[in-house]
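S.K.: After the structure tokens below, expect a handful of questions from me.
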Amino acid sequence: MIQFTIEDRDGERQTLEIPEGINLSLMEVLKASDYNILATCGGMALCATCHVQVLEGFDALPPARDAELDMLDTLPDADPDSRLACQLRVDESLEGGIFKIRGEEQ
Amino acid sequence: MITTDICIIGAGPVGLFAVFEAGLLKMRCHLIDALPQVGGQLSEIYPQKPIYDIPGYPAINAQQLVDNLMEQIEPFHPTFTLGERVETLVRQADESFVITTNDGTSVHCQVVVIAGGLGCFEPRKPEILNLEQFEGKGVAYMVKNPEQLRDRRVVLAGGGDSALDWTVFLADVAKEVTLVHRSDSFRGAPDSAEKVFDLAKEGRINLVLQSNITSIHGNGHLQEVSITAKDKSVTNLAADNLIPLFGLTPKLGPIADWGLNIDKSAILVDTTDYSTNVERIYAIGDINTYPGKLKLILCGFHEAALMCQSAFRYVYPNQKLSFKYTTVNGIPTF
């Protein structure tokens, strides 16, 4: 199992346990877990509405690709530790990470 | 006033295909879209991306799909109002509707079909104190007419291609151009970023990096912006115009006030015909929701077909509809 923690907009934290080998993005897991997250473009790194801030475990993540960085650059509130949840695959790189939801609400 | 049978709000792929399905039943369509071109998300967001789940096309470029749809509906001569946002919907005594846009275009129709996809794309607004207070009074989210900025002190905010491109352009137009960006590098086109850095070196623009605009001030019109740097120091800068350029974000817009049942920015529909809770108003494509909803273009096409079969009774209340395949009847053009 892969464990990571989600902090919602109210600061509430919840640890999620996801089976290894599952072919989902963090955005898809957040939606499936009923977090209020828009994810407008469905995972194409085109809308930035699944913006998350990586509070812990940023360095373990695979580097962002150009499409993700381009979109993050359009966000007025992005930080150096910002990522798009749709571009993060749920695998061992997320283990132990803490992700704060920053994207727009539905 | 424009008169039509069906007014379709949204000229994306699903709205366009609805014209075809309506045309087969001899119903005329007028389409309204807030974007200046047809195609919706496909043309606006990802025109060059291939789509793999359109039946009959192993892969098709998004813009090519839009072009094909336009060719497919051409025999039905749809009419368009583009670059205008639907504002009001007024039901008439005979149950028909008059729709009016923000530019005053009026459309009389028997049926309204909302095919608005994600909704209207509106500018993403940064968190700046007093920002909305100065909208139209120095604050704008796009440059409509650069000449209006001639000889003015313009502050742009953002780090994407739009911010870079307008900074370069306005360097030759405005009296003073300042670009404020939260980072110390740009992810936009390298060529544009290089031009911006060169202009800054030449002293032709002010480049304020690792900073955000945090508040704006003025007396009836914008006069000053406050910029907060990463080290929390604050600088005030005289400015006539502020243009935050942080991309677009979808909003439901005025449709949210039409009395429709809405769940999380999507319109609830009856899956037998994709009608809403308001008679004669349908919602198809990404803007609707129902148990099992899949936001796929092909699902929107299916919804368009069923919607038209249902809408027929409002357009032709005295006629009986009998379903016919195009292989039998061909395309009965107007």
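Numbers here mean position along the shown chain, with the first residue as 1.
Every residue gets a Cβ built from N, Cα and C, even glycine.
Okay, so TrEMBL annotates it like this:
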DOMAIN    B:5-291  domain 'FAD/NAD(P)-binding'
BINDING   B:Asp33, B:Gln41, B:Tyr46, B:Val86, B:Phe121, B:Asp286, B:Thr327  FAD binding site
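For the listed features, I'd like the structural context: burial, neighbours, distances.
M.R.: In this view, B:Asp286 (FAD binding site) is surrounded by 27 other Cβ atoms within 10 Å of its Cβ, with every protein chain counted. The secondary structure of B:Asp286 (FAD binding site), as reduced to three states from DSSP, is helical.
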S.K.: Using Cβ atoms only, which of the binding-site residues B:Tyr46, B:Val86, B:Phe121, B:Asp286, B:Thr327 are under 8 Å from chain A?
M.R.: B:Tyr46
S.K.: Give me the long-range Cβ neighbours of B:Asp33 (FAD binding site): same chain, 6+ apart, Cβ under 8 Å, in sequence order.
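M.R.: Expected: B:Ile9, B:Gly10, B:Ala11, B:Gly12, B:Gly15, B:Gly40, B:Phe80, B:Thr81, B:Leu82, B:Gly83, B:Glu84.
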S.K.: Can you check which residues sit near B:Tyr46 (FAD binding site), meaning Cβ under 8 Å from its Cβ, same chain, 6 or more apart in sequence, and list them in order?
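M.R.: Expected: B:Ala62.
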S.K.: Given the FAD binding site residues B:Asp33, B:Gln41, B:Tyr46, B:Val86, B:Phe121, B:Asp286, B:Thr327 in the record, what is the largest Cα to Cα distance, rounded to whole Å?
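M.R.: Max Cα-Cα spread across the FAD binders: 39 Å.
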